[in-house]
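According to TrEMBL, the features are:
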{"type": "DOMAIN", "residues": "10-226", "note": "domain 'Glucosamine/galactosamine-6-phosphate isomerase'"}
{"type": "ACT_SITE", "residues": "D67", "note": "active site, proton acceptor"}
{"type": "ACT_SITE", "residues": "N136", "note": "active site, for ring-opening step"}
{"type": "ACT_SITE", "residues": "H138", "note": "active site, proton acceptor"}
{"type": "ACT_SITE", "residues": "E143", "note": "active site, for ring-opening step"}
Amino acid sequence: MNIIETANYEEMSRKAADYLVKLVSAKKDAVLGLATGSTPHGLYSEMVEDHKMNGTSYEQIRTVNLDEYIGLPSTDPNSYHTFMRKRLFDWIDIKSENTHIPNGQAGSLEKECLRYEQMIENLGGIDLQVLGIGHNGHIGFNEPGTSFNSSTHVVELAESTKKANSRFFASLDEVPTQAITMGIKTIMKSKEILLLVSGSSKAETLQKLIHGPFTEDFPASILQRHPNVTIIADQDALSLLRINK
Ligand SMILES: N[C@@H]1[C@@H](O)[C@H](O)[C@@H](COP(=O)(O)O)O[C@@H]1O
């Protein structure tokens, strides 16, 4: 794993944006795997800023998102569809037909999972997958105990995840209990992974990811086995690790 330490959240976001912009400029039709949560907010703002200032084009870029809540209409302010539009897609020249997010309102969720997995394959796979991480080591919405062999599937959200994400909703009761997420195997098929981690509350999680046991009880430990992972993390997140600068 390649670890890049930054002074703070802002620098992490800038470095991550530089990373993505470099890829997008080199491969005009790249397939980007995108993430939600608070961690990539700064990354998306920086990409929008770069698009405005430097004209980086996303005209032929395709995107696939990790996950979506089940039961929220795509127009709901808390859906990941809305998140992506508001934070990124509305501000760059990407074509909406090239952006893909699981449909959490599909009539048959089982068929939707199969469709999503096949769609990623039809695009030729993911060139670079951006990831955040949950405190319990979840990636996408793959909670502890998820099979490392999983493809896109429906999950029951862990109580701790619902609590953590309730900050975006009016109350805990409004947080959906289920989601569709790319599986661990789906994520691992990405040619490259860029993991962003910020803040002291994630220090223990990051320490476990790097030095902890390889176990389905800690989904992110799978990244120890991916051949091309870059972690951009701030000092606070790296505070329990000693790395050579
Ligand atoms: N499904 C998302 C994950 O993709 C994200 O990594 C995680 C951490 O979120 P945050 O970045 O807000 O800490 O939250 C959600 O559960």
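Even glycines carry a Cβ here, placed using N, Cα and C.
The active-site residues near ligand 1, defined by a Cβ under 6 Å from one of its atoms, are D67, chosen from D67, N136, E143.
Across the structure, N136 (active site, for ring-opening step) and E143 (active site, for ring-opening step) are spaced 8 Å apart at their Cα atoms.
Taking only the Cα positions, the spacing between H138 (active site, proton acceptor) and D67 (active site, proton acceptor) is 12 angstrom. Taking a C-beta cut-off of under 8 angstroms and a sequence separation of 6 or more, D67 (active site, proton acceptor) has the following same-chain neighbours: T36, Y80, P102, G140, F141, A179, I180, T181, M182.
Note on E143 (active site, for ring-opening step): other Cβ atoms within 10 Å of its Cβ, all shown chains, come to 21. Note on H138 (active site, proton acceptor): other Cβ atoms within 10 Å of its Cβ, all shown chains, come to 25. Using a 10 Å radius centred on the Cβ of N136 (active site, for ring-opening step) and all shown protein chains, the other Cβ atoms total 17.
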